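Here is the structure we will look at.
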DNA sequence: AGCACGCCGACT
DNA sequence: GTCGGCGTGCTC
């Protein structure tokens, strides 16, 4: 039998199937989707079995050396999906397969040196010393040492040989547990063997009448109120047996979830649920776009449709954006479905993610709630896929494979003939356009549950504030309202969009801005250690006291960071208790959750933060939301800037007045007339959609045109330019005349980590041959890619144009 | 990607 | 004459 295998070598020349023989002893055990260890040239690598056949065209093949799985880790569906991903995103097949599995399962190669079995001579003096107390030497121990040449020589003459061990990154966690090494019926007679004085031992043993499964040692000690000594002697007498039991690292072990029952649906909700239920009952694929204003009860719809799928014996995937995976969302799912739920998000450790994955793999859970990569959950009988906040940019992976979770979800749902529900208050323009064209089915919720009113929104023109002499970052209206909430004991949320607004250093005399020496971007000031830092390459230097250019002392920090807002808040509202949430304060594991918990418990009056506070949170006493600089992201070089601004403002406004108390929103801006800001303040998605569609049509952007972005980078600017030019010319010559090829043009950040970056953008409507052409480009430059350190990245449907 | 093979310059 | 530099090409 021959296995078709994708080897774990992410390179152009190895990105194809290799044939290996299956040893006879494994013929009945091996299945497609398993990981194996195969000899590859002079080394050993991990491989994925993707097919089993009888014949090979090759003269001779080498054999699979080892199996790494007992059960396939990829189902036939996922294998097919992997190849689809490879094709869609132009990545290596291994990269696609690896993206579908938890990082902990990535192979870990350990190289070591041993004395060759066939060798019975004498080792060189310097080398034999290394083998005095052991029979293998880890490669790391000698690879940088002086003796390396001698080792190499010994390998050459056959005295030593190098071996590679392929292991998993993280092994399942085990714990010591106890079982009876004989049938329960023998308990009584066995107990008689014990000395009459061994009262406690008998007592412990008698507990095993009730215990049916292996029990962990600490648990037994607790249960029997005894000590380790008692148990140890029982084990020594052979009356109990100690085994190693696999356990899960459960990140939610110590949390209890309030069980919840299905809520009564409003008329609107019922109308939205019905077609989804139909799709489930009749088992056909359909994509629903569930557009519901903030607070309209989308989550309850998710819960009830999932419950329906579970009743049919099917499984469900729920995707949530990375940052909004608030404890609140997890609680609601765990509360409704209990231990049937696995959770997968970036806050978990590698080991925890691995364990959650194994629960899915073994069929121990029916629902997974997770970020982007949870879309690959190895379920075999999917009933429904839900994508909450479907417009969120975190669903697009920005590294290879550059997939969008929405596309993967739809692909999987077609296979399983099940519905996909895309939920959002502010759908992505592309999604809404598809709903308009009836590609998706539009379901709308226009009212908040219990008919709560949308908050009142006030737009404050910061230019006016400046003219009237207010130079602070808080306008008069916002300041007054903050004081009002403080007096009433209500809470406020302040949003600062830091992107494009970080603190940089500028000289007021000569205008000099301190830039990173390796990237074309200004350095950001970090107050904690008084350092200037580059956010792209990590370069750091001390903040200068005088201008490096003109030695002027009038050098100052410009821009607004959360730290500075916090300082100013402390000045103008000294009594307010503030919680700051940004990358700095939430870096630690669980910090995100903890800070939100504190705010929810009323331990602060104001929550100040970046984008991460904009979504998902739902606190009763929040009645004021302030947006400090609504236009911060409006002028970024990105055709989605208006859309992102509209979405963010709408989302954050939705945080106010979700319960008994009425909410208010203050939006501070320098461009109050901009349609994103105007329509967001009126909660008017439809008008925004019409206006933005006009702009997209005019400029030839999605959803009217598809976009593919090719990024080229190299240390030498001339090289980048010439390669980009060749690529653009090639495309211009081969694409249809309705398509537009833009470039070569320098990227928005023309240099990162001492590499120059150019790009080429393709806009097209129909271009069935594009993938082939792109592959041809990669092939043509493949030599320079490896040899000359040239980089070409291709992003079909990019979300970041930088 | 690794790793071996192979062909040229600077040393004992 | 040999050691080691890295350019070239292959891995079932």
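Residue numbering: from 1, along the chain as shown.
Glycine is no exception: its Cβ is also placed from the backbone N, Cα and C atoms.
The feature domain 'Helicase ATP-binding' is assigned by TrEMBL to A:279-445.
Reduced to three states, the DSSP call for residue A:510 (Zn(2+) 1 binding site) is coil. Among the features that TrEMBL reports, Zn(2+) 1 binding site is placed at A:507, A:510, A:547, A:550.
What TrEMBL lists as Zn(2+) 2 binding site is A:516, A:519, A:534, A:537. In three-state terms derived from DSSP, residue A:534 (Zn(2+) 2 binding site) belongs to neither a helical nor a strand segment and is classed as coil.
As annotated by TrEMBL, domain 'Helicase C-terminal' applies to A:542-713.
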Query raised in the report: Excluding A:516, A:519, A:534, A:537 themselves, which residues in that chain have a Cβ inside 8 Å of the centre of the Cβ atoms defining the Zn(2+) 2 site?
Result: A:517, A:518, A:521, A:523, A:535, A:536, A:538, A:539, A:752, A:753
Query - Cβ within 8 Å of the mean position of the Cβ atoms of A:507, A:510, A:547, A:550: remaining residues of the chain near Zn(2+) 1 - result: A:508, A:509, A:511, A:512, A:548, A:549, A:551, A:552, A:554, A:555
Requested in this report: Have a look around residue A:519 (Zn(2+) 2 binding site) and count the other CB atoms within 10 A of its CB, chains all included.
Outcome: 21
Query raised in the report: Where among the binding-site residues A:507, A:510, A:534, A:537 do you find the Cβ with the fewest other Cβ atoms within 10 Å?
Result: A:510
Report task. Quick one: of the binding-site residues A:516, A:519, A:534, which has its CA closest to the CA of residue A:510 (Zn(2+) 1 binding site)? Result -> A:516
Query raised in the report: Whole-number Å distance between the CA of residue A:519 (Zn(2+) 2 binding site) and the CA of residue A:550 (Zn(2+) 1 binding site)?
Result: 22
**Report entry** Closest of A:516, A:534, A:537 to residue A:547 (Zn(2+) 1 binding site), Cα positions, binding-site residues only
**Finding:** A:516
Report task. Measuring Cα to Cα, tell me the gap between residue A:534 (Zn(2+) 2 binding site) and residue A:550 (Zn(2+) 1 binding site) in whole angstrom. Result -> 22
**Report entry** Spatial neighbours of residue A:550 (Zn(2+) 1 binding site) that are distant in sequence (at least 6 apart) but have CB under 8 A
**Finding:** A:507, A:509, A:510, A:512
